[in-house]
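Chemist: One structure is given below, represented as structure tokens, and several questions about it will come after.
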Amino acid sequence: MLEGQIIKALSGFYYVFSEGKIYQCRARGNFRKRNISPLVGDDVEFQVENKTDGYILDVLSRENALVRPPVANIDIAILVFSAVEPDFSTNLADRFLVAIEKEDIQPVICISKMDLATDAEKEQIAVYKEVYETIGYDVFVTNDEPDKEAIKDYISGKTAVIAGQSGVGKSTLLNSLNSDLTLKTAEISNSLGRGKHTTRHVELMPIGDGFVADTPGFSSIEWDDLQPETLQFCFPEMEDRRSGCKFRGCMHDNEPNCAVKTAVEANEIADFRYKHYIQILQELKNRKPRY
């Protein structure tokens, strides 16, 4: 019996990487009865039938798992946003960050297409970059060679997911990190301002000593399992100040003597970050319950 990691799931087969080899495996027949559904990224125990095929016997415990994309055991999330085409959006960036923070996955922000931006756009993005770095996020510009090497170092020995709108340059970034990938890239559709989807399934691809999951592009994020009272924990600069609020259950909205609102007024917390927090908070409060 061997242990390995699922790097691709396609047409009922699971492709398991173990000791430098890839095995095409099927899941045991009793998995469905046991309500076990293997995911890309899962660590598994499997039995080899021949040099290339085998059966998955068990799925080992998961550190975490995303629903969309369906990937397990993620160490870091590389969030790619373009400077232009489509334009950089702090609203979208913060929503992606919340989606990743709530899963306790370390996010890394990458900004692509900076070479296509005007001087004014570059100046504005530099301001946003400083805000996110002050919070504690690492921000890289994918056009810069030193930053590409830093991204490779981040991925080394880890499983990462790369996410962002379609058309922002995720596949281009992966191709630049590993020239053997030759992933398809897409231009932006002029009518919708969105990229054509070029990634059809989730697959872990080797980048140095690590793996990265390229995932279908998406521009909307759902908060099905996020509660209003836990949203503040997805904003690190707010979580750091919550102990200074007068009320223990302060949600930093209409409550008096709120340390977070005081920090916003003192420009210690970026106004746009607080604005997005309130927007998402209201969405969560107004969400219709699902039965």
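Each residue, glycine too, has its Cβ placed from N, Cα and C.
Residues or ranges marked as domain 'CP-type G' in Swiss-Prot (evidence: sequence analysis): 63-221. Residues or ranges marked as GTP binding site by Swiss-Prot: Ser112, Lys113, Met114, Asp115, Gly164, Gln165, Ser166, Gly167, Val168, Gly169, Lys170, Ser171, Thr172. Summarising the annotation, Swiss-Prot assigns Zn(2+) binding site to Cys245, Cys250, His252, Cys258.
Describe the structural context of each listed feature in the structure shown, including burial, neighbouring residues and relevant distances.
Modeler: Within 10 Å of the C-beta of His252 (Zn(2+) binding site) we count 24 further C-beta atoms, all protein chains included.
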Chemist: Look up Met114 (GTP binding site) in the DSSP assignment and report helix, strand or coil.
Modeler: helix
Chemist: Looking only at C-alpha atoms, tell me how far Lys170 (GTP binding site) is from His252 (Zn(2+) binding site), rounded to the nearest Å.
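Modeler: Per the Cα atoms, Lys170 (GTP binding site) and His252 (Zn(2+) binding site) stand 35 Å apart.
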Chemist: Using only C-alpha positions, which one of Ser112, Met114, Gly164, Ser166, Thr172 is spatially nearest Cys245 (Zn(2+) binding site)? These are the binding-site residues in the record.
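Modeler: Closest recorded candidate to Cys245 (Zn(2+) binding site) by Cα: Gly164.
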